[in-house]
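What follows is a short report on a single structure.
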């Protein structure tokens, strides 16, 4: 029981020395990766860099104890950071005191929402998010995030919060204002990062770029040439404080809190499940919501900003040998050490380097292959991806994801409204009945039409099914018997049972026999409740087509 | 080709004497029924009674020529009248000149919308309206319409446009203001109508009630005792005039125009299809939209208000022997004769009698049996009906129908997200594989798990399917082979193909063989595009379980 509430008990009890080496090495590697990322992502969110570091301490401890994944690397991530900016910048000026207090409250709300979803077992809703939607949405968000850093990369002022088209247009207009040294540092960093990503993916290139550029700025005094730097990062660990509760703020933040709760959970569960499948343990999505929720709730008391499990850091954590939550605890300890002693080192770090780190990270998420693949296999799925992508770019992150979900569900409804209905014929050689379109040798009967309905029947497709019968019947005037093969009908609703009843009665009164064969158990149960056994008796009882057509 | 545009050509060319008797008798009977109904429904819509008669002339001619049903009786109906009131009374005072001009414009817009839907072949959308939604919505609308007449029945003033709870509450408060004579006339009419409806359904009771009550009011001078009467109904047929076009009005009327277009079409197509099925001819839903659309467009030039095919009048028309659209033309001619010569007779007709006619007509539409039936067969369908009913009563007609449609589609999605998955065992006696839950004698294998997935697979249920495998696998540690029976999988999307691929690869890398058998043609085509033939080869090629398990 206690293990259900605190999953960490499991690995603490069974901890052995062999795990320690992997956990140590993964903890250190993730920390090296996390330090520049945390500062960079805080910058995306419109926050001082140190808030990113704060968010990489307490929440990591909490998740390591209470989360259900042993490999998930929790902390600041790019997508959530962008959502924080887009949601809170409508209420206060990024960087201001007021902005900060909104962000802490937002984090608390996200924690409460996620924790409540876990308690009420609502983790299943993530199932309704098609991978096509996630992929389109991620690619668009990556573009938005990447281009949001253009101003830091070029060293110019650009309005944030507008569409990317606006950003690109404005950047083009201000091309003459570019700070060349900033731009060279940025481009140099991007090329360096890309080079190591390709050639030596395990090399901690971001940290090296951070160190080299900081030294360059310091010794060449580049600050005087207009290169924007991070500046003073406060020393010390965050102290406890409650978010400023206020009903108006809560109402104003609710939509963005819901979006982040959902998007953050989705990112987290996807990577946690992928690793768990490889390691053959199970992720409970509701436990996962509880763990993330508490990490956010408690984090909000220690000046953090919303966290979730990150794609790339979790993958690095796993590949670097993490075995248990201890790896994350080690990461958190190293970040605390950094906060206590090393923050002065970041004074001369240029913003352009953080922008370069962000751009390289997020542009890697743009997945054109997936779009091509989906278009090849099933056009509608490719279209779902494309529509989500376009609307996210044009209207924004929350709107894009909502439109994507709605569209993907409508596609499913649309498909089930026009089900596959096969007319069957008899194949003498193998003594089976098959679709006459795929097996032209199948023999049809002069007086009998046989249909196999390849679908669950419900109100939206029963009309289509009826139309199919009448279309075929009008082509073949000699038919005096219709047989429906129900072996592929997996479900039926009461409304369609009534409609089928009307259809059967109409044909019967026109002198055409109407048989249904091969009903599955659950369907038999339903039509019995509708009184079909008394009404149709033998006409719906035949187990197979062979059985009916040998009776002749 | 011309026959497609003007379906009437078909019956005009083949007209024979035998049809004439039926058409004549049906035309007369429907006219007798329509005269009081048309005035009563106009009253529901907040219009002078004569507008109801106008709406029973030109539109009937147009539909008879251009509609695809030979039996549909077009004209004013209760539900559309209520929608007109609820939509237009927000913009102008019912009965005023301004109100009238809004109504004519609304009718024109409805015509354009319906006609365009027909041209763009959007008639299919009516399929997405579950009968459970229609039934719940109709019962609620019947209650609302019936109670909207309470004020005429009791002879008191009540605010319109509020919920029925408000109406009932206000009526109870004003119980002392009831005009006793009005009330007696109303109750007497209701009892008379109910009596004949039950005992002599073919007797033209409404007309008789109208005549008797008019004579009573005239001779006993009941007007002086506070009995409200219809008053002067203008003589003569409507003249041609264009609706007052105005962009602001069009924008304001658009939501209600869309609702009426849809609801009117739905009512019309349902009754047209029911009769056509009995008479073995076909209704083209797009042609139907064209016919109704033009009837409304042209009607709007002749001071009519929105029309559609009515349930009860169409049934009477059919039962009275109508064979072709000529029956409707005869009805229209009789209404014109009435307008030219007989309207002075309606001067002393009490409003309470029209209210009684409305109440008896609509309360017959409340269908409690249907609700019980749906609850018995499938609870969710019953719940859909109930939710539509409750929300229509509480929030209004448009809101109720939208909530009903959304709920019914969500129910479908919900069901398909948790599909039936059967674990199969072998039955030696009959040599088939069956669900071990329904056939306890089915033998399972020590090293092999067999699942039959009874569903189309898509993004929202592939996670559930995966969970089912892993749950069962964790219970049975000796399994080294999983076989999926795909014979009931009717469709699959590209996203789930990818997910299945991951699942198969995970199991394969864990040393567990993964086979899929019995794929249908359309599924085979899809997985081939995803490259499965090269990747999995024989593992997905077996045609049947027998085939695999005899290979051992």
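Cβ coordinates come from backbone N, Cα and C, glycine included.
Just so you know, TrEMBL annotations are computer predictions that nobody has curated.
Annotated in TrEMBL:
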- A:24-44: transmembrane segment (TRANSMEM)
- A:50-66: transmembrane segment (TRANSMEM)
- A:73-93: transmembrane segment (TRANSMEM)
- A:99-120: transmembrane segment (TRANSMEM)
- A:132-150: transmembrane segment (TRANSMEM)
- A:178-196: transmembrane segment (TRANSMEM)
- A:203-220: transmembrane segment (TRANSMEM)
- A:250-272: transmembrane segment (TRANSMEM)
- A:320-342: transmembrane segment (TRANSMEM)
- A:348-366: transmembrane segment (TRANSMEM)
- A:386-414: transmembrane segment (TRANSMEM)
- A:438-552: domain 'STAS' (DOMAIN)
Stretch among A:24-44, A:50-66, A:250-272, A:348-366 sharing the most Cβ pairs under 8 Å with the transmembrane segment (A:132-150): A:348-366
Cβ pairs under 8 Å between the transmembrane segment (A:99-120) and the transmembrane segment (A:24-44), at least three: no
Proximity of the transmembrane segment (A:250-272) to the transmembrane segment (A:178-196), 3+ C-beta pairs under 8 angstroms: no
Selected stretch (most C-beta pairs under 8 A with the transmembrane segment (A:348-366)) from A:24-44, A:73-93, A:178-196, A:320-342: A:178-196
Structural state census, the domain 'STAS' (A:438-552) (DSSP three-state): 56 helix, 20 strand, 39 coil
Model confidence over the domain 'STAS' (A:438-552), averaged pLDDT: 87
Contacting positions for the transmembrane segment (A:320-342) when only residues 6+ beyond its ends and CB under 8 Å are counted: 8, 11, 15, 19-31, 34-35, 38, 50, 53-54, 56-58, 60-61, 63-65, 67, 70-74, 235-237
Intrachain neighbours beyond the transmembrane segment (A:24-44), with Cβ under 8 angstroms and 6 or more residues off its ends: 50-53, 55-56, 73, 75-78, 81-82, 85, 145, 148-149, 152, 204, 206-207, 209-210, 230, 233, 305, 313, 316-318, 320-322, 326-331, 333-335, 338, 346, 349, 351, 353-355, 357-358, 361
Cβ contacts under 8 Å made by the transmembrane segment (A:73-93) with residues that lie 6+ beyond its boundaries: 30, 34, 37-38, 41-42, 44-47, 52, 55-56, 59-60, 63, 67, 99, 102-103, 106, 138, 141-142, 144-145, 148, 160-161, 249, 252-253, 255-257, 259-260, 263-264, 267-268, 292, 295, 305-311, 313-314, 316-317, 328, 331, 358, 361-362, 396-398
